[in-house]
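Presented below is the structure to which this report refers.
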Amino acid sequence: MSSPKIWTHKGTFLLAAVGSAVGLGNLWRFPYLTGENGGGAFILIYALTIAVVGIPILIAESLLGRASRKSPIMGMKYLTKSHGTSSNWQIIGWMGAAAAFIILSFYSVIAGWAIHYTGLMFSGSLSGASSETIGAAFGDLLASPGLLLLYHTLFILASGAIVGMGIHKGIESGLRFMMPALFFILLIVLAYGIIAGDAVAAMKFLFTFNLSDLSLEGWLQAMGQSFFTLSLGMGAIMAYGAYMSSEASLTRTAISIAVVDTVIALLAGIAIFALVFGSGMEAGQGPGLMFVTLPIAFADLPGGILLGGIFFILVIGAALTSAISLVEPVAAFLVEKYGLSRPTAVGIMIAGCWLLGLVTVFSFNIWSEGTITHTLFNRSPFDVLEFVTNILMPLGGLLIALFAGWALSRDEVIREMATNDQWFKVWQFLVRFIAPTAVAFVFLRTIPQVEGYLIPAVGSVLIIGAFTAGRTFMVNNKAN
Ligand code: TRP
């Protein structure tokens, strides 16, 4: 057996996990969700969920990776055997791989839009353009399968190239260069937002809250977002955790990841809303916030076109460091299981994702209506893919929390977390009961029929789930 692969530096796991966490979720989704949900109250619930649910699951997921030192699929197989639990828990690995595959297929298409906007900005074709022209430019992009396909191909090839070069020469070196550069660009954009835009209005919008502003839907979106932004529930963190130095403290690392990710989302929020408010526009623009509203602000402000180009480079880079963490778990599995070379494994993964990405590409134009998914589910094919991942991710997180909370022994968790009994008990309580409850809410929300029955449904899922999980392990595992 070959010796386990470990990151060269103790801090690389932190860097890699932050790279995975910070992406379109921070720069695109967080600001527009905050905008739609009235600002501060949304952020409060989001931050609370990160602390109480996100961090414990983040610890659980990296713990499973490091304890197995294998790709998520093989790692779960090993852990279920070594801990004498039902082999059904291996589904965590398989669901994660399926989610990674589907997410990458559309993440790449959307990241591709940022390539287009970088070009639009630097070529100056938006300078002085009216808001109608800029709005139409987004429509034109979506209407062109050829362009979308080109960018999708470029983006997915770039992610594949980095992962294909291996965890040291590719992922580790790539991140050590990209992450500081991205942070630096964010600071430039932020400084510009403060100088050219209305930072006071932005801060007021983000940091004053009135809880009654937030609907139940807003609560659930905030919880879902805190989950999505930390890349939880689908094995990406587990795969990176497998390479984590045994010396690094899981607890401290998980808290750092969550804090950095949140700070970056907030800084991006301040920059974006300062520009949007500075140009006299509204916050609640939905998904078009980054691709229509923000370009209008850039076109309107002095020096905005140059800064806009720089901003979209930031978006591409942040998406790229997330995309590589989607390629890694599946590629590592193909290498481990079938003995493929890394470039071949990566090639297979991205070829598959590229092909599935065509579904997203066409969903915005030739398949935007009248397809089989419209007939069956009243949604575009892309919406169906996104819906499936919105189920797979929280479900994966739920199972990860239950498995880590019930199957792992007290001693091994305390050793891995480098913590004392008290903190262990807090963590265990959170992953056994609180995180599953919260995640069950988010999860059941994605099923429309459940809406009116949300609270009783979550209650019964939990009682049955916790009971089953507890029993499965109590029987076989005396370590608890
Ligand atoms: N966290 C990423 C972002 O905010 C999105 C994401 C969700 C993700 N799950 C992931 C990225 C898994 C990589 C791996 O953009």
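Just so it is clear, glycine is given a Cβ too, placed from its N, Cα and C backbone atoms.
Whatever TrEMBL says is automated annotation, not expert-curated.
Sequence annotations record features per position, and here TrEMBL assigns transmembrane segment to 12-30 (among others). Counting residues 6+ beyond its ends, the transmembrane segment (12-30) has Cβ neighbours under 8 Å at 46, 58, 62, 107, 110-111, 171-172, 175-176, 178-179, 182, 225, 228-231, 236-237, 240-241, 243-245, 248, 253, 256-257, 260-261, 264-265, 268-269, 272, 287, 289-290, 314-315, 318-319, 321-325 in the same chain.
A Cβ distance under 8 Å defines the sequence-distant neighbours of the transmembrane segment (42-64), meaning residues of its chain 6+ beyond its ends; these are 13, 17, 30, 33-34, 72, 75-76, 79, 206-207, 209, 211, 214, 218-219, 221-223, 225-227, 230, 232-233, 235, 237-238, 240-241, 244, 250-251, 253-255, 257-258, 261-262, 266, 397, 400-401, 403-405, 408, 413, 416-417, 427, 430-431, 434-435, 438-439. Per TrEMBL, the feature transmembrane segment maps to 42-64 (among others).
Residues 23-24, 28, 71-77, 141, 148, 150-152, 154-156, 159, 233-236, 238, 291, 312, 315-316, 319-320, 322-323, 326-327, 329-330, 333, 349-350, 352-354, 356-357, 359-361, 382, 385-386, 388-389, 392-393, 395-396, 399-400, 403 of the same chain sit 6 or more residues outside the transmembrane segment (91-115) yet have a Cβ under 8 Å from a Cβ within it. Annotation source TrEMBL lists transmembrane segment at 91-115 (among others).
Residues or ranges marked as transmembrane segment in TrEMBL: 148-167 (among others).
The transmembrane segment annotation in TrEMBL covers 179-202 (among others).
Taken from TrEMBL, the feature transmembrane segment covers 222-243 (among others). Counting only same-chain residues 6+ beyond the ends of the transmembrane segment (222-243), those with a CB under 8 A from a CB of the stretch are 4-7, 12-13, 16-17, 20-21, 23, 25-26, 29-30, 33, 37, 42-43, 45-47, 49-50, 53-54, 57-58, 61-66, 68-73, 75, 92-93, 95-97, 99-100, 103, 167, 214, 257-258, 261, 265, 322, 325-326, 328-329, 332, 390, 392-398, 400, 438-439, 441-442, 445.
According to TrEMBL, the transmembrane segment annotation covers 255-281 (among others).
Packing against the transmembrane segment (301-334) from elsewhere in the chain are residues 16, 19-28, 70-74, 93, 96-97, 100-101, 103-104, 107-108, 110-111, 114-115, 117-118, 121-122, 124, 126-127, 155-156, 158-160, 162-164, 167, 170-171, 174-175, 178-179, 181-182, 185-186, 188-189, 192, 196-197, 231, 234-240, 242, 275, 278-279, 290, 294-295, 340, 342, 344-346, 348-350: each is 6 or more residues past its ends and has a CB under 8 Å from a CB in it. Under the heading transmembrane segment, TrEMBL lists 301-334 (among others).
What TrEMBL records for 346-367 (among others) is transmembrane segment.
According to TrEMBL, the transmembrane segment annotation covers 387-408 (among others). Using a Cβ-Cβ cut-off under 8 Å and counting only residues 6 or more beyond its ends in the same chain, the transmembrane segment (387-408) has close neighbours at 56-57, 60-61, 63-64, 67, 79-80, 83, 85, 89, 91-92, 95-96, 98-99, 102-103, 224, 227-228, 232-235, 238, 377, 379, 428, 431-432, 435-436, 439-440, 442-443, 446-447, 465-466, 469-470, 472-473, 477, 480.
Here the transmembrane segment (429-447) has long-range neighbours at 49, 52-53, 56-57, 60, 217, 220, 223-224, 227, 387, 390-391, 394-395, 397-398, 401-402, 404-406, 454, 457-458, 461-462, 465-466, meaning same-chain residues at least 6 beyond its ends whose C-beta is under 8 angstroms from one of its own. According to TrEMBL, the transmembrane segment annotation covers 429-447 (among others).
Through the fold, the transmembrane segment (453-474) approaches residues 83, 85-86, 216, 398, 402-403, 405-407, 432-433, 436-437, 440-441, 444-445, 480 of its own chain, all at least 6 residues removed from its boundaries and within a Cβ separation under 8 Å. Annotation comment: TrEMBL describes 453-474 (among others) as transmembrane segment.
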Intrachain neighbours beyond the transmembrane segment (148-167), with Cβ under 8 angstroms and 6 or more residues off its ends: 5, 7, 104, 108-109, 111-113, 115-116, 141-142, 174, 243, 316, 319-320, 323-324, 326-328, 331, 342-343, 346-347, 349-350, 353-354, 357-358, 360-361, 364-365
